[in-house]
């Protein structure tokens, strides 16, 4: 099947999913994502994403983001209005750090340069975990970071593709070549529990229930735990880590734009990684 046909079928599937989701009644009664984040607000958040200096110029469109959310009806649709806005702000903050083109003295500040990159530059490996037999690497393919969340490793590309209707192992490049699929992979990662990790969504909407291991590791609910889920092995358990601080800086700016507070536990310096 041609990729365009697969994408069309996927959009139909997403529409059906939206109509029959378990929380469909709630979703229809609550304001749509486009009400919570207008195109103007999106543009004010990502001030420089389409600058000539950004390799992802004109790739991450508002329309692609809104269309992608339709496949995930619980995203930004769970809890009260503050919770919903805070989750959207947290998601946008994390993908902004993952794709940032900012620097300390950048125009409009370092936190105005999210979505500048669509794939990892100069990767140190092809991100193939050859021990993973369920999602085997395809010869000659690189599973480097791509898309808003910088999807990485064969064990993420495989299930993401299976869930979203593309061949993540044979065609990982599509995440950097198709804006709609790129946003969908980021939302897939955000919404999907990957035990022992909870989903980022459950953490941000108050549905995270820590296990005994979580309590022993001081993995408390909050934005810092989302960072732990995404890249805790490299960033958490480190005092005043610059990467963690960058994620926090984006979140603080976006929370202000959404007129909500950030909630507690912004960092993960006292948490053990999963």
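Please read every residue number as a count from 1 along the shown chain.
A Cβ is built for glycine as well, from the same backbone N, Cα and C atoms used for every other residue.
Taken straight from TrEMBL:
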ACT_SITE  98  active site, proton donor
DISULFID  54-116  disulfide bond
DISULFID  128-137  disulfide bond
DISULFID  236-268  disulfide bond
DOMAIN    54-76  domain 'Glycoside hydrolase family 19 catalytic'
DOMAIN    181-191  domain 'Glycoside hydrolase family 19 catalytic'
SIGNAL    1-27  signal peptide
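If you look at the domain 'Glycoside hydrolase family 19 catalytic' (181-191), the same-chain residues 6 or more away from its ends with a CB under 8 A from one of its CBs are 7, 59-60, 64-65, 67-69, 71-72, 74-75, 91, 94-95, 118, 146-149, 151, 156, 160, 163-164, 166, 174-175, 199-201, 230.
Put simply, residue 268 (disulfide bond) is 25 Å from residue 116 (disulfide bond) when counted between their Cα atoms.
Around residue 137 (disulfide bond), taking its Cβ as the centre, 21 other Cβ atoms fall within 10 Å, counting all chains. The two recorded residues residue 128 (disulfide bond) and residue 236 (disulfide bond) have their Cα atoms spaced 23 Å from each other.
Distance noted between the C-alpha atoms of residue 98 (active site, proton donor) and residue 54 (disulfide bond) is 14 Å. For residue 54 (disulfide bond), applying a Cβ distance below 8 Å and a minimum sequence separation of six or more within one chain yields 48, 101, 113, 115, 116, 117.
Cα spacing between residue 268 (disulfide bond) and residue 137 (disulfide bond): 32 Å, rounded to the nearest whole number. Counting only residues at least six positions away in the same chain, the Cβ atoms of 224, 227, 228, 244, 268, 269, 271, 272, 273 sit under 8 Å from the Cβ of residue 236 (disulfide bond).
Each of the disulfide-bonded residues 116, 128, 268 was scored by the number of other CB atoms within 10 Å of its CB, and the largest score is that of 268. The helix, strand and coil residue counts that DSSP assigns across the domain 'Glycoside hydrolase family 19 catalytic' (181-191) are 11 helix, 0 strand, 0 coil. Averaged across the domain 'Glycoside hydrolase family 19 catalytic' (54-76), pLDDT in this predicted model comes to 97.
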